[in-house]
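J.: Annotation source Swiss-Prot lists ATP binding site at Asp581, Glu582, Met583, Gly584, Leu585, Gly586, Lys587, Thr588. What Swiss-Prot lists as compositional bias 'Low complexity' is 135-148. Feature annotation from Swiss-Prot assigns domain 'Helicase ATP-binding' to 568-738; the stated evidence is sequence analysis. What Swiss-Prot records for 875-1034 is domain 'Helicase C-terminal'. Residues annotated as zinc finger in Swiss-Prot: 212-271, 215-269.
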Amino acid sequence: MPKEDDSLCKIVVRREPLDVLLPYYDASETTVQKILHENDSTLSVKFLAGVEALIKKDELDKYKNGKACLRVWLKHKSRKRYHGYMTSTDKDEEEKNDYLLKSNGSKVLRDSTRTKKFKFGKEFHCALNPSFVSDETASDSATSSSSDTNKKVNRKEHNELSLSHLSFNDTSDFGSSDLSSSEIESTENDNKAPYFSLLYSDGFDFIKFLHVCVCVKCHGREHRSSGKNFVYCDHCSNVYHYDCSPLPSLNKETRNYSQQNGFICPLCSKNSKDVLCNTGFVSGVSSGQDLVIPPSLADRESLSILVNYCKSIRFRCFRCRRVEYFFYLDSNPLSIQRTITHFIKKLVCNECSMHPCDIEEIIAWRTLNSLYPSKATLSNNFVSTSDLSFWSREYFVRSKGKSYLHCFWCSASWLAGISLAKKKNFDGLENASYDATKPIIPVSYTIIDKVWDVQYRSGKNARTAKYKTKKHQLKAISEVTFAFVSWRGLTYYMSNWEPPPKETDRNRWKAWLKGYSDLLECLWIEKAPTASINIDLPFTNLEWHSQPSFIKGGTLMPYQLKGLNWLYLRWYTHHPCILADEMGLGKTVQVISFISVLFYRHKCFPVLVIVPHATVANWERELKKWAPFLQINVLVGSEKNRSLVRDYRLINQKDPKHVSTHVLVISASNVEREISLLRKFQWKVLIVDEGQRLKNDQSSLFYYLSSVKSDFKLLLTGTPLQNNVRELFNLLQFLNPMKINAAELEKRYSIIDTEKVTELHQILKPFFLRRVKSEVLDNFPTKVEVIIPLSMTPVQKGLYKSILSKNLSLLRNITGYANTSSSGGQRTTSLNNILMQLRKTLAHPYIYSPDIEDRNLPYELAMRSLEEASCKFLILRLLVPKLITRGHRILLFSQFIQQLDILEDWFEYKNIAYARFDGASSEMERQSAIDSFNAPNSELSCFLLSTRAGGVGINLASADTVIILDPDFNPHQDMQAIARAHRYGQKKKVLVFVLTTRDSVEEKIIQNAQKKLVLDHLIVESLDQNHNSEKDLESILRHGARALFEEAGDEPSIKYNEYSVELLISEAEKQEDTSTDESDIKSNKFGFFRVWDNKHISSNHYEVKENVLVDEEDVWSVILKQREKDAMLEKTDETTSNRRLRAHHKIHYGEDLNIYDNSDDTDYTVNDRSSPGSPFPIETETISSITDTLSDKQKLKYDSSVNIENLNDESDSQKSADVHFDSILAKSLLATTPKEDEFNKTLSTINLEVANKLTSSEYINDSEMQLIDDPVFYPPYEIIEKNHQLVGRSLSKAVLDNFFLLSSLSDNVRCRCCGIKHLPAHCPLSIVPLEICFLCGTPHFSGRDTCPMLRNKEAIYRLKDSLSKSREPFHIKKQAMARLNSFLQKKEEPTVSSSAKTNELSSKVIIKESIINEAKTL
């Protein structure tokens, strides 16, 4: 495999050839009978088979009976030296040994070849292109000795077929020889290597030598005695037992043919593609080309037989199933035999040997450049050119159970053989290739985060090793051989065992020291006090007047120090409390300081902190920053993550009753999963961040946390009261359930007077500490909040009406039009469903139904339609670029994840750099996005967040602008979202823009939200109000519906342009804080948002206008009456249509066919807006020239896909409105362009001056003129130089083509009604809506047979021909055919006309024919 520097690798081979050769010979051929004579370094021995050979002295012990014969030989030498002869007893003993070896030698060899069965990876049937190694590379490769462990492996273990026993780390060269130079010269002269003389003996089996000794299917060896004979493949090194092969299942003829012509294994018989993989691509050699024998082997006559066998038999890897020619593995004639034996023994290729583990992840890829471009193309390659790019790649992968430190580059073919599914999935993602200028793996993935356990040289781990003190164990860091660690930026379940880093790698070594010391801190942690802590000193002696010295993460503000002392006092008096500071004042820092004081002074731990999932990482970071001496653990994520924390950090192995941590941070979503663990321990302090989650005493979180044992409870919330006072009482009940009952307090304070108000404040005061930014921060940046009212686009209006009109029965129940038997809960659920659909429509119509989007439009027009579909996107396309140009950084909050998806597409279209996270984002993704946005000189200008997930507990003070896309029912959610930017650390004025749609449910939502804000600070009002009641939902739905269904509204649509948006931003930047009035501060009220009226910012709060002239109960009646009126019209049209179908009246038609209907009913309008009623004007592009012209005498084509149902008078339209109908309706209101004509049209040129004569108003607007010849085809819409952006109803392509041609050739084509040049069917004076006929392309009245196309027999015959080729259902075609036949059977009456008119018409026809002929000639 090519290395990372794209150089060819050297082929290496093991240095013990006998170890890999001996198992392939019979016992008689490898059992030494006696030693004949001895030289300096070799012995001449005789085997039981009668063969004599020279063997090195140090290799004699590898042969059977070699040591025994050596002892006999040494004994014989000693006797010969002293006595000069050998006794008869010695000869008898030698003969006895020979007999024993002959009888038992084969049995011993069979016992030594027993194997374990194992399974390999998936098969991949593709040929491997071999690596081409030159003779110089092979001969110059250096040799290296075998490892000592391999020499100590006994014969039985060495022959076991198991990947664990293969020498994967063998680094010796395959192409090298371990002979000296003198020995090489002698072997070249002899043409044979002395220890390979067996290969050239008579009757040597080369087939057996080139095949593996293990069955591919059952992994068993050959046993002839039991009938398990091998069947050898003729094309590769695979072998099968006869019963395991497919031969028994074949018929007799096929089986005989295979036995005569050779057996081909299933892998070779398949038509596998000869892919252009890495090695062949780089070297220019492929197995698909004509076979080229390396010259070093072709010139050797002694190897001719071996080379001939190697031409047809290739090595096939057991694991990846690739094949490769043996002589491409090693072209050195002195070592090729050793290389063949090495691979046959090992069973796997080089890449499988180096990387035995499965693939976990594919990270990147890169393309290899061929060293021989002329040879890189394959003549016999079955792979298409488009697939070559995938097979000429290298992939950067990570193995299972390995860290990112051990990633490696691998070939495409090897990866396909090991993990084909992963490769296909990765290739389908269309990832960009590897960029050498950027790191493939983030640095954080290779830095140690936590050390869970270690293993010392003694074999013991950190918990079983015995050390006297923590210092002794800390010094033993040099004894650590492996460590079980997690990595920064990765989840805990990706932890693995790794050797400690080297000291030269400073960053990794520093992290390793920190992780090891934290592990020891956890192991040597002191036991938590079990008894309650009693303090005899008065609190005045304990109070902090300055910041404690052990709090070193930063400087506490004066109000934060007061908050620390207040929490300390609550704990001192054993009184639970609520820290209710406004968002952005640093409640987290105050709580961490409080925990530090308890631990430093009183050794008070453990502490349990419950936080939202989005803020877990932030809490862990702040705890490590402000209290580094605390042992902190986080219980979050999947079960694998939490199990690691439980097993290695929380539960003390020596004393399971005590927890081995000071602070445990757990997400609120995991409390239920880990409740059994939390109940085991007595927690000194229980802290709940975002304590408003406990507002419902029936929630599971309230129930489970109430069962956790704790000495002191503390809640953190910036919004203690959100909807009603009962929620506030529930918080107090959670803190002190023994003294406070929420239900009783609610009954007690249901009726409020002055005395009870004072009493209620006395109850709440000991629990709360509430401060706002304006009270404690002097130079805090101001905040300007502005509501931007918008008008719905036509698409939104249509969908809005449709949603309300579809729920007739429900609306009748609400307004009292019909009796109802359904319960109130069912009605409330239905109302909520309607409300959600309306809110989706107001956010973006694509959220309501994705089918509204036309996916066949060009990209530019598709994005234009996306903007024009929603009024909020229309203002964003003006507002966001201007804010970015002014240097603002923006946070965009939405409650719909689908809207964030749409915004992502829009930002990509606008090339705006952004970050995003929502509820589905992982913890690492969230923190990474926050860090990237807050980084100095960050290129990100926008941040997309969901209101619920991104509105709590995160710091985004680097942003100075907040845009709320859709208001929340709970105003505190929006306030928390705003507080992400308007918080401590902000240095700029914060601009807040809230987008709301006028005359819609959003107005009522904002109004109700303002009431809740008032309730938050004026508890005495509306205590018994239920804001989720059916009445409130009805009022929200009712709001705006009256104005929407009014036939003529007095108020115009709100319009915004670049000037008005520029003025909006400028005025907002000049305004002061919306809540800086002293009266608001003293009364502790929230300031209301100000409303932009397109001229200035109103100082009044947002007031919702209600029409007091109409009774509230009559709103739905107006809607119902309108819907019933429409239904009656539909019914009347249907009855009339049926009546016309039954009455077959004969209608008079003229002979001539006029393609233009020039009557006064034709209406054309100028569409100079984005869409009808849109407040955002867009410039209309005019057509300046035509690049292509008319074809040569082309006839009008009729689309065969036209729905023939429209010919029938029986109409099935106007059925129940569903989502599909709404999608079609909305599509017709979006920006659309005519689609390409499905017929091939040949265009020719035409003189414009001649065309002007043809298209003059003299001929076009004459109602008496009728065409006699075939209609002329006009060029399609796409050929016009400047694309005219159409917004409006979708029109017929023929109508648009005719209109654009005539309007571009002549300036006199104007409407006869209004005198304006406009699109067909868009006349502003039109009262009766006309429809465009799909047959003739002209507008005319429907309901009668008025189409000019039906007046001409030739046109009717064309329609019948087109109908016969149509794919419409047979019954529809039958009806349409009968209809057309009825037109043909009607009597024709001559047209009565005066002679003057006849002469005038004939003269016009003659002039027109001459003009057309002249145009054709040109």
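Any Cβ shown, glycine's included, is placed from N, Cα and C.
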J.: Counting by DSSP secondary structure, give me helix, strand and coil numbers for the zinc finger (212-271).
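T.: Final tally across the stretch: 17 helix, 12 strand, 31 coil.
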J.: Across all the protein chains here, work out how many other Cβ atoms are within 10 Å of the Cβ of Lys587 (ATP binding site).
T.: 21
J.: Relative to the mean position of the Cβ atoms of Asp581, Glu582, Met583, Gly584, Leu585, Gly586, Lys587, Thr588, the recorded ATP site, which additional same-chain residues have Cβ within 8 Å?
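T.: Everything else in range on the chain: Gly718, Ala979, Arg983, Tyr984.
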J.: Using a Cβ-Cβ cut-off under 8 angstroms and a sequence gap of six or more, which residues of the chain neighbour Gly584 (ATP binding site)?
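T.: Residues satisfying the criterion: Lys773, Ala979, His982, Arg983, Tyr984, Gln986.
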J.: Check each residue in the chain of Asp581 (ATP binding site) that is at least six apart in sequence and keep those whose C-beta is under 8 Å from its C-beta; list them in sequence order.
T.: Gly563, Lys587, Gln590, Gly718, Leu769, Arg770, Arg771, Val772
J.: I'd like the Cβ neighbour count for Leu585 (ATP binding site), meaning other Cβ atoms within 10 Å of its Cβ, all protein chains included.
T.: 25
J.: Using DSSP reduced to three states, classify Met583 (ATP binding site) as helix, strand or coil.
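T.: In the DSSP reduction, Met583 (ATP binding site) maps to coil.
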J.: So for Met583 (ATP binding site), how many other CB atoms are inside 10 Å of its CB?
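T.: For Met583 (ATP binding site), the count of other Cβ atoms within 10 Å is 23.
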J.: Across all the protein chains here, work out how many other Cβ atoms are within 10 Å of the Cβ of Gly586 (ATP binding site).
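T.: A count of 21.
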J.: Determine the Cβ neighbour count for Glu582 (ATP binding site): the number of other Cβ atoms within 10 Å of its Cβ.
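T.: Glu582 (ATP binding site) is surrounded by 21 other Cβ atoms within 10 Å.
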